[in-house]
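To start, the structure under review is shown below, and the notes come after it.
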Amino acid sequence: MNVILSSIAALIFFAAGSVAQMVRISGIRPMARDVILWLTFLGAFSQMLALYGLIHVEQGINLGIFVIISLTILFILTMVLLSSIRKPSDNLLVLFLPVACLSVLMAWLFPFQHIVVRPKLLLVTHVLVSVLAYGVLLASMCQSLLLSWQETRLRSHASGALIKVLPPIQVMEKLMFEFLLVGEVLLTFSLASGFLFFDNMFAHHLIQKTMLSLIAWCVFAYVLIGRVMWGWRGDRVMRWVVIGAVLLAVAFFGWRLILVSLDNVATVVQ
């Protein structure tokens, strides 16, 4: 199955799953939960085939931005799907399936390529694991913000369409910590592979990214330890998760922008 057919199949399955989930939640007509999970699984499988074709090209490995974003969203969607098998978190699919559709379209319609010719396995592994780690941990931040909002709305006895759609708070909280744990494990592998691949992770062009990533790792580890040892939850967890995610975002995106800005300023001065 080629990239186009796989992408079309993924779009059809994701769109059908999204519509089926909305019909089920709205109560318009009965809809079996297993049907939605199967549609999501088939969509994820089709997207995986499409991404394989987009990443593995004749010249080498394509690490284009939209391909990587689509891969990250697929990974997060798979986590939600697996979680839905064990606990009633499938209502979140009504939020994730449209995003999955958009990610398929972006990877298909905007095939911007960043080809790594004759890539080393460790380098490709480091890049992919790093992106997945950042994606999952940023998703845990979004989940923590959504959970905090949900708790606030429930305390004030406020109603709304989104409140009715969201899973129970206990399920949302467990899913957030699952995201956090998986993201921390991936970040650990990312840092370890970075130290193995690069001669000096504390070189001038890497030190800021390395230090911010290490600090973020410590923040997330602190939250997980606090959860296990002292039963942390609520706003305290949300604040620390946001701090860690912001540190990662600055490490991944912000420092590159700062370096580019400084280079531009230096050019103007000269």
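The backbone N, Cα and C atoms fix where each Cβ goes, glycine too.
Copied over from TrEMBL:
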- 6-23: transmembrane segment (TRANSMEM)
- 35-55: transmembrane segment (TRANSMEM)
- 48-258: domain 'Cytochrome c assembly protein' (DOMAIN)
- 61-85: transmembrane segment (TRANSMEM)
- 92-110: transmembrane segment (TRANSMEM)
- 122-147: transmembrane segment (TRANSMEM)
- 179-198: transmembrane segment (TRANSMEM)
- 210-230: transmembrane segment (TRANSMEM)
- 237-258: transmembrane segment (TRANSMEM)
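Predicted-model confidence for the domain 'Cytochrome c assembly protein' (48-258) is 83, expressed as mean pLDDT. Outside the transmembrane segment (92-110) by six or more residues, the chain places 3-4, 7, 10-11, 14-15, 17-18, 21-22, 25, 36, 40, 43-44, 47, 50-51, 54, 66-67, 69-70, 73-74, 76-77, 80-81, 84, 165-167, 175 with a CB less than 8 A from a CB of the stretch. Listed as Cβ neighbours of the transmembrane segment (210-230) (distance under 8 Å, sequence separation of 6 or more from its ends, same chain) are residues 137, 177, 180-181, 183-184, 187-188, 190-191, 194, 201-202, 236-237, 240-241, 243-245, 247-248, 250-251, 255.
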